[in-house]
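Only one structure is covered here, and it is reproduced in the block below.
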Amino acid sequence: MCSFLRVPSPKGLEPSKGLGAPLQPGTAYPSEMSALGPGMTVSGRKSPLSMEVGLAPEGKDDLEERRVFMGTTSPTELGLRVGLRKDFPCSKTYEERMASPEIRSPSSKGLELRLKRQNISRTVMDGSNLGVHRVSASQETKPPLSALPGRVGLEKERFLAGYCPGRVTQPPLGQGCESPQASGGRRCPVTGDPEGFGASVSKLPALGMECRGELGGESACVVMKPRAETEPPVEVDMGLTRLEEPAEMESPEPQMGLVMEPPAWQLAQQPEEQREAENTEPGVEPPDRIRPIYSGKFFDRMPCWPSAGKVLPIGYRAATCLTERFPRLMTPPEAKKFFNFRYPPAGAERVFYGRANDPQIAPSLTHGIRSKISIPAKVLINPQPITTFQQKMKDKKESVYFSNQRAPLGKSHDQTPGLPKGLDILNTTFGTAIVRETSARDMVNPPKPYKEVFEEAQAGHDLYVVSHNDYFVGEAKNRKYDPSSFHRFNLYGIPTPHFNDGRNMAKTLHWLHELQMKRGAKIVSKRVDDFKEKFQHRLGRVLDPIAETMNVPPDYTFGAFLRPEDYGVGDLIHRRLPGEYLRGKDRQRGLVAAVRHHLKKVNYQNFDTLLAAFRHYDKKGDGVIDRAELQEACDQACLHLDEKLLDQLFEYCDVDKDGLINYLEFANFLTWKDKTPLKEYEERVLIKGRKADCANPAEANVEESEPALLLKPEDIVLKEPGSSEKTLRTLLRPSDKVSNHYKTTSSEISAVVGAVPSTCYPTYGVPTIRSDIPAPLIRRVSDRTSYGEEGNAYSLLHPTIFAQKGVFERDFFKTRSKQEISEILCNIGVKLSEDEFENVWNLASKKHHRGEVCVENIRSVLDELQHADGAKCKAAT
C-alpha cells in the first residue's frame, strides 16, 4: 500500500547524524518509495520538490530497474546513470559538450554553481559507507506532443539540472501538469538566483530515526511544499476530485496528492514564443498551440501521448479561409472613369470618360414653362358632397340665368307664366291625338306567312316601275324595244372575263410581291430535298425509302398486272348496260355536275318561274330544247363548253333519249324545282294550253303560250303530303332503278324454312355491354365495364326530359312510401282521387313479390289504365 503525504518544510530541524553522506534534493515515485528499505532517509528543504533519500546498493539497483521498466527515464539519462562512468568516452564527450560556454544556459550555470556547493557539503559530511541516491524533482513541461518550439532547450536544461549523481525523473504518463496543491502554493523556480540556493543549502534539515521507522513500516512519499510558481497556460482535467485549498498554504496538516507540480521555469513562456504570439492574427489561434483533444464528457488520460490522425489548428476555419486577409485594391478615380465607360455597373448609365467629371447640370434643368398646380382630376371627377345650404345658395345664384329658367338640368322649365289663368295643367292635353293602327313590330316583322308577304310586295310592282322606277335588285329595265330586231335577254358588247372559281378574288387577297414569289423558282438544297423525299411522309403518297435505288418510273407497280373490270358494284346493283357503266367516269360526272349547278343558279337568280326560264332556253318556241338552243343558253350564262362536254350534258338531261329536252326534263336537271313552286296560272298554261289572262298583272308579261301541251296532268304532284303547293314529279333514269330481284346477302341467310334461327347461333368473345351480369352497387374506380346502365351517344345528343331535370334511373326504381308517391304525382300535375290512387297503388304493389312500389311501377300502371280507357272509347264508337 502506497500513501502520499505533503508536509511543510520544517525550519528547525537539524541535519541527521546517522547519514553517511549529505542528502541531496530529489523526488521519488510511490513504487520507488515502497522499494526503499529501512535505511532510507528523506531530507526536505525549500528547493522546489527536493528530497534526499538514502538507499542501500540493493535498493539502488532495484530502483534502477524499476525506472527502466516504468519508462520514466530518458535513454540518455539511463546511459549516464547506469552504464556510463567517468572513464567512459561518451560520458567525457557529453561533459565536454556541456562544459562549453555556448551550450550553457543561465539555468545550467545556476545549477552548476549549486552542484559545486553541494559537493563541498558532501565531502564534509561523508563519513560512512551508506550509499546515497539523489532523486531530482524536475518535472516535464506542459506540452506533451513536443509541439512547442522551446522543447529542445528545456530538455537540455532538465538534463543539466539532473547531471549530478542522481537522475532526472518524470511523472508517469497520464499525470496532469497541475494538482490541487499547485494552485496558490508554489514558490520560486529552481533556476532562480544562485545565492538563494546557497542559503537553502545551509538550512537543510535532517529527519530523525522516527521518520525512518515510519518509512520502514509503510513506505510513504513525502512531498515538500514548493514555492509559488506561475500557473500553466492550460489545465487538463484528470477526472479526480479536487480539494479546495486556501490562497496561502500555511496549514500544518498534511494533504494527499498524486500530481507533482512542475517548476515555473518549465511553464514560463520563452521570448521567441511571445514574439510569435504577437505576430499572430487577431481572433486566430497560432498553429503551434495545441489544445486537448477531448474537452467534453470524456477525459484524456494520456495528454502527453500523440493523438491518432491529423490535428488541424483550431483557429483556421472555413470562414477564415473565405475572408480576405488584405483589403481589395481600390481603383484610382483617374482610371475609374475609363473603366466605367467600358464596363458600366449594372443599372448605371454609360458615361463617356471625357465628361465623367463634368458638373451635373442637366438633372436639375427644367425645360418649358412651369405650370401652376390646378385642381386634381380626382376632385373634379368625384367632388366632395356639399351641404343643403350650399346647394340652395348655388341654385339661387344660377336662377338669374336665362338658360336655367328655360332649360333647367334634368327637368322641364316652368311653363305656368305662359299659360292662361285657371287652366288645369295636369289634365289638359294639347295637340291632335295619334291613332295607333299598327305597331313598329308588325311593320318590320308582320305576323303573316312568307307567301302572303311576297304576294303583297309583288302587287302593283309594274305600276311602281312606271311611276317611281322602282326595280327589284338585279331586275333588267324594260326599254320597250322592237322585239323583232332586239331581244332584251341578248348580250351586246365585249364580254367581261369572269370565273366562278374565285381566282380574281384570290388575286385581290394577296400582295403583288407574294404572287411574284409564287411564280418564282424555289431554290431548295438537294440534301434537304432528298432527305424529305426519303424519310418524310407526303400527303397522298406512299412512303418509299428505296425509291431512288429502283430504276423504274414513279407510277410503276410490281407484281402481276390485274386489269380492272369496266363495271363496279353500283353498276351491278343497278344492272346497267355496258355502255352505261359509271366506273372510271368520276371526272366526267364531276364536270357535268358543275355545269348543271351553274345553270341552276343562273335560272334561279334571273327568272321567277320555271316557265319563264324554259321560254328563255326555247328560242324557237316549239316547247322543246335542242342542242343548239342549249349551247346558246350556256354561252349567255358565260359557260363556254366544248363539244364533248356539251354532248355529255345533253345526254345526261335527255332521259327518254329522243334527242330533245322537254319541260319536265328541264325542270328536273337544270333548275331547282323545289325552290320555285308551281303557280296557278303557270299550271293552267302548262296543262290546258290557254293564253295568259291579261286582267291578271302577274300573267301580263308572260308570252303567248303554245297550243301544244307541255305537261301531262299526272306530272304535277303535291310538294309535301297535306300541302297546297304543287311541283313537278321527279324523273328516274332506267339505270337508277333497282332490280326487283336484288337481295342482300344478309336477307338470304336463314331464308330457308325450318333452318336454325340466327338467335341460336353460338356467339364468341366478350360482349361490349355486359348485360349478362348484374351491375355492382358500388363500383370501383378502375372498373370501366359497361353494364348497360350508362347512356350512349344518342342519349347525350338527345337527352330525355328526365335527364334534363337531373332525374336518373335509380330515382325511378327506388322504393318509396305511399305519401311520397302521392306528393310526386301532385307535383307533376297528375290529380287522382283517393279511390283512384288506392287502385293504382294496389295494382303497382302486385308487380313486386314483396309489395314494394317505385315510380316506374306507378308510371307503367297509369299507362296501362290509360290504354285500357282508350280501347273502351274506340269500342264504344
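Placed from the backbone N, Cα and C atoms, the Cβ positions cover glycine too.
From the options 1-47, 48-94, 189-235, the stretch Swiss-Prot describes as region 'Disordered' is 1-47. Just so you know, of the binding-site residues Asp656, Glu665, the Cβ with the fewest other Cβ atoms around it within 10 Å is the one at Asp656. The two recorded residues Asp618 (Ca(2+) 1 binding site) and Glu665 (Ca(2+) 2 binding site) have their Cα atoms spaced 13 Å from each other. Remark: Asp654 (Ca(2+) 2 binding site) has Leu660, Ile661, Glu665 as non-local neighbours, by Cβ distance under 8 Å and separation of at least 6 in sequence.
Asp658 (Ca(2+) 2 binding site) sits 16 Å from Glu629 (Ca(2+) 1 binding site), taking the Cα positions as reference. Within 10 Å of the C-beta of Glu629 (Ca(2+) 1 binding site) we count 18 further C-beta atoms, all protein chains included. Asp622 (Ca(2+) 1 binding site) falls within neither a helix nor a strand when secondary structure is assigned with DSSP, and so counts as coil.
In this structure, the C-alpha atom of Asp656 (Ca(2+) 2 binding site) lies 18 angstrom from that of Glu629 (Ca(2+) 1 binding site). The local packing around Asp618 (Ca(2+) 1 binding site), expressed as other Cβ atoms within 10 Å of its Cβ over all shown chains, amounts to 20.
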